[in-house]
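Taken straight from TrEMBL:
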TRANSMEM  B:37-61  transmembrane segment
TRANSMEM  B:82-110  transmembrane segment
TRANSMEM  B:116-132  transmembrane segment
TRANSMEM  B:144-163  transmembrane segment
TRANSMEM  B:183-203  transmembrane segment
TRANSMEM  B:224-251  transmembrane segment
TRANSMEM  B:263-288  transmembrane segment
TRANSMEM  B:318-335  transmembrane segment
TRANSMEM  B:347-365  transmembrane segment
TRANSMEM  B:386-407  transmembrane segment
Amino acid sequence: MTHGPRIVDARLHLLSRQVLDVDGEPVSTVDDLELRGPDGSEARAGQEAHVAAILVGPALVTRLFGGRAPTSRMPRIAWDDVGHLGTAVELAVSSDGLDADWVEHWVRERLVERIPGGRHDPEGDR
Amino acid sequence: MKKVFAAALGILTAIGGFVDIGDLVTNAVVGSRFGMSLVWVVVVGVVGICLFASMAGRVTAVSGRATFEIIRERLGPRAAGANLVASFAINLLTLTAEIGGIALALHLASSVEPRLWIPVAGLAVWLVLWRVKFQIMENVAGLMGLLLVGFAVALFLLGPDWGELLRQAVPPSPPGTEHPASYWYYAVALFGAAMTPYEVFFFSSGAVEERWTAKDLSTNRVNVLVGFPLGGLLSVAIAACAAVVLLPAGIEVSSLSQIVLPVAQAGGVLLLALVIVGIVAATFGAALETALSSGYTVAQYLGWSWGKFRRPARAARFHLTMIVALLLGVGILMTSVDPIAVTEMSVVFSAVALPLTYVPILVVANDPEYMGEHVNGRVVNALGTVYLVIVVVAAVAAIPLMIATGAGS
Amino acid sequence: MNVGDLLDARVLGPDGVPLGVVVDVRLALETRDEPDDGPGGREDREDREDSEDRKDSEHDAALSSRARRDAVGGAVVLGLLVGPRRAGSYHGYERTQVRSPWPVPQIVRRLHRGTYLVRWQDVAAVDDGAAAGAGGWSVRLAPGYAELPPELG
């Protein structure tokens, strides 16, 4: 087992990685990371700063096309919910409780579940 | 015994799954115009797809990450986004060609208008994606695709001058009537038909669907290394049939009925019927794979939940993407474009897009953080670099050749 | 402030001279000891726990012995990687030992020669470029900043 901190580069090891929930269900990709100072204050140059949250969805749009969106309103996953870092970022919580996954839930409930067989388990009929 | 059966099944489905509408049309066209003089390209393509598919399967089995997740992670959102747009468009073109192929084959069998078969084919593809278990889908389509062996049977029944066929193939001697640019244009097309990017999306994501682990790697290798070359032989048989019957008669292939003409001539109605069933199965299987690939690429880029092993409701956006892709494909065909022309387009653009998927896979296959002890060995890397050059040259040459030859005409 | 804001930001010396761009943001991840992988590790499948549980755990074990995977806690900013040009594709070769497949790493390394690490403490100011004509985000280094080797530990 590894001891001491693991040194990583954000772009190389975190950004654009797949985020999985505690059951291994895909949730999103890491579209951006929010930095904060001690006690959740605004991060400042040269002052102690840490990763506070994984930003998803709209953060991808601003990274693709530039421009700025108010970070506070972006769908986010708190960094405290992260459990493991491997070839994916693995959360310690279930995706069902995450607001960041609302589009998937919307498409599921409004469209796919309403088509007959939408809840059928393809592996079940053997 | 069970293991032997499983291994045989894997190899047989790899053979049957190798040929799709792109291989079928391109090989027949090439055979009818250039005889056997482009067979070497099929060999290059088969070795390439063996290398590429086994590498993609290994990366996914070991790292747990499928091809487009890796492309996004390696290229970053912008370059990977451009890659996604290109890959999705070409994949859609291939999907359209495959659905068209199903409709054309059913038209041959029934003499009902292809236009009427197109929505039926699209709906049937969707139903299988929606309901049927991944392995069953794979095995049925692959095994029935084996009926394409009818082309090889037809070739023997035709009793060709084997020495003459061999002379056309080695050393490659294109007919004097054809322009060299056309020859190279079709070389690129044939290469694109053998090494289609969707096959790689499909193989790597299929490794997740079938839950491969590092332990399954040897099975995978055997399936690919035995199955694909035998599938390649089917391709060569299709080209040879065209070279024996259509080339001397001066028939240039522009329809599916011409492609199967040698079969009808050699084996009569029965063999023709079997081959048509084979074509339906092969194009149907490829339509499933391309439709799935359209969902795989988008879902993996955006990090959505995906996979046929999940209930549709648990991969809602993935299934929605496939529905949209199928509707687009059917919509394009209903404008009464010629599916054969769409196919010829799709194989050339496949060659153009190939480096976009090939390079990231080659890079990650060498990254110990992803692969641990399963990084590429020396031989694979040497071969990988040779194909890096081939893939890039084919991609760069494709469009200029297309313009110079007026798409081969 | 987001990591995405810092990436590709222009880097200025203490006197305002352009030095390059931010290629990456280096973090220290707290790691935890964890004898067992626990549930849910990999790309795992739902809805099949009952029938295929055993296969799943084999699956996880087979995978985790290969690719690197750590139980992690907090992530603290250590510094910025400053390079002569935008990182573009296949970033990272200049910081790792990977040499194959030839010639991809060799080309990328050449493009990124001259990348160095600057400690976060040596960053004096981060400007969001909101002011007219500022031209996007920029980072100004403090007097006496050090250029450290970029290799990952």
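Note that Cβ sites are derived from N, Cα and C of the backbone, with glycine treated the same way.
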The transmembrane segment (B:144-163) touching the transmembrane segment (B:347-365) per 3+ Cβ pairs under 8 Å rule: no
Same-chain residues at least 6 beyond the ends of the transmembrane segment (B:82-110) whose Cβ lies under 8 Å from its Cβ atoms: 20-22, 24, 68, 71, 75, 117-118, 120-122, 124-125, 196-198, 201, 255-257, 260, 273, 276-277, 279-280, 283-284, 286-287, 290-291, 293-294, 297-298, 301, 325-326, 328-330, 332-333, 339-340, 342-343, 345-346, 349-350, 352-353, 356-357
Per Cβ pairs under 8 Å, the stretch of B:37-61, B:116-132, B:183-203, B:263-288, B:386-407 packing most closely against the transmembrane segment (B:144-163): B:263-288
Sequence-remote partners of the transmembrane segment (B:318-335) [C-beta within less than 8 Å, at least six residues beyond its ends]: 91-92, 95-96, 99-100, 103, 115, 118-119, 121-122, 125-126, 129-130, 291-292, 294-296, 298-299, 304-307, 312, 342
Seg_contact(the transmembrane segment (B:183-203), the transmembrane segment (B:37-61)) with at least 3 CB pairs under 8 angstroms, min sep 6: yes
Leading stretch by Cβ pairs under 8 Å, where the reference is the transmembrane segment (B:224-251) and the options are B:37-61, B:116-132, B:386-407: B:37-61
Within-chain partners of the transmembrane segment (B:116-132) [C-beta distance under 8 Å, separation at least 6 from its ends]: 99-100, 102-103, 106-107, 110, 284, 287-288, 291-292, 308, 312, 319, 322-323, 326-327, 329-330, 333-334
Long-range environment of the transmembrane segment (B:386-407) - Cβ separation under 8 angstroms, sequence gap at least 6: 44, 48, 51-52, 179, 181-182, 184-185, 188, 191-192, 195, 344-345, 348-349, 351-355, 358-359, 362
